[in-house]
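In case it helps, Swiss-Prot gives these features for our protein:
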type	residues	note
TRANSMEM	11-31	transmembrane segment
TRANSMEM	51-71	transmembrane segment
TRANSMEM	78-98	transmembrane segment
TRANSMEM	101-121	transmembrane segment
TRANSMEM	134-154	transmembrane segment
TRANSMEM	162-182	transmembrane segment
TRANSMEM	206-226	transmembrane segment
TRANSMEM	245-265	transmembrane segment
TRANSMEM	273-293	transmembrane segment
TRANSMEM	298-318	transmembrane segment
TRANSMEM	332-352	transmembrane segment
TRANSMEM	361-381	transmembrane segment
Amino acid sequence: MTNSNRIKLTWISFLSYALTGALVIVTGMVMGNIADYFQLPVSSMSNTFTFLNAGILISIFLNAWLMEIIPLKTQLRFGFILMVLAVAGLMFSHSLALFSAAMFVLGLVSGITMSIGTFLITQLYEGRQRGSRLLFTDSFFSMAGMIFPMVAAFLLARSIEWYWVYACIGLVYLAIFILTFGCEFPALGKHAQHSQAPVVKEKWGIGVLFLAVAALCYILGQLGFISWVPEYAKGLGMSLNDAGALVSDFWMSYMFGMWAFSFILRFFDLQRILTVLAGMAAVLMYLFITGTQAHMPWFILTLGFFSSAIYTSIITLGSQQTKVASPKLVNFILTCGTIGTMLTFVVTGPIVAHSGPQAALLTANGLYAVVFVMCFALGFVSRHRQHSAPATH
């Protein structure tokens, strides 16, 4: 593979994470405007965004098999057509049913693109370099989560219709579409060149189960925590601006953490540093929940920084449980993480209704403790050392 081809594929991976980050995180910015557009209360409008999450979940799950049937380049180009149709549907329709369908299609497109992006990184890079590259790729999710809410605020403040925000997000996919030209993708399944030697199917091992549970608990814990931090802070008497600043601080330090750990991870055994980070994150979250108001900003800043590498490290370790990176295995762990996203309000909503926001934060803290236990247990069964040893950089 030529170096220019590798760079193009890497940028497709970066932009695939930016696309999903933009679609997921911009929701809160435009929800009120969309509710006004359809003349509905915000509470009922928020339910339609479940179609976006459902599309992401279904596509990540199915793409483990689709990757071996439909070439990756074909998927990305067809995804561009679907993206154009979905954005056009948002622009020219006043039907709530069509809005929900367009959101579902956007979810499908971003889920397929992100699973391809993740797989490309696991194919292009090996050993410790894979972890650092995947972490840098994941930082584009957070970067888009910072940039596109600002774009949305800029457009909405000038009374420009909300659907132009999605047109701007579509430009990210336009860049992916352009990059597919003159670019060779890894062939999979029936499209791959088969050698004379039969391909030995590798067993995943119990370590994959530990990582899948860790992925689900981490995402459910993280989103359950950050979703209720503003309500918890307001309950302590903090202003709305101060409560919002806590969330901004978390994501800002999370992004800086990703950049820092994309360099740091190269020098450590991934399972050991993951266990340390998971343990630190659980302790820091507990200190945030039980600490004083004066210390809360510092605890959430350090929590964001030290927890930033956890999810990507889980995916990287998963890809290293087999000698050859398996798209089905990577997508299985991604699917478990996405299930955590879907369950966020299903799990935390009733807890808040019954016991208040602090109970939801403590539940999230318990889930982080489960992540630590899973990562610790993985140390006894992980195969990543024997598979990545020859490829370590």
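Using N, Cα and C of the backbone, Cβ positions are placed for all residues, glycine too.
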What parts of the chain pack near the transmembrane segment (206-226), using Cβ distances under 8 Å and only residues at least 6 beyond its ends?
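Same-chain contacts beyond the ends: 247, 250, 278, 285, 307, 310-311, 314-315, 317-318, 321, 329, 332-334, 336-341, 343-344, 347-348, 360-361, 363-368, 370-371, 374-375, 377-378, 381-383.
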With Cβ-Cβ distances below 8 Å as the criterion, list the same-chain residues six or more beyond the ends of the transmembrane segment (361-381) that contact it, or say none.
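Long-range Cβ neighbours of the transmembrane segment (361-381): 205-207, 210-211, 213-214, 217-218, 220-222, 224-225, 228-229, 232, 271-272, 274-275, 278-279, 281-282, 285-286, 288-289, 310, 314, 317, 347-348, 351.
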Other than its close neighbours in sequence, what residues sit by the transmembrane segment (245-265), given a CB gap under 8 Å and a spacing of at least six beyond its ends?
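Residues 128, 131-133, 135-136, 138-139, 142-143, 145-146, 226, 229-230, 233, 273, 296-297, 300-309, 312-313.
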Residue list, the transmembrane segment (101-121) vs rest of chain: Cβ under 8 Å, 6 or more residues beyond ends.
9-10, 12-17, 19-20, 23, 48-49, 51-60, 63-64, 66-67, 72, 75-76, 79, 82-83, 85-87, 89-90, 93, 130, 133-134, 137, 166, 173, 176, 185-186, 315, 325, 327, 330-331, 334, 338
Ranking 11-31, 162-182, 332-352 by the number of C-beta pairs under 8 Å to the transmembrane segment (51-71), which range is first?
332-352
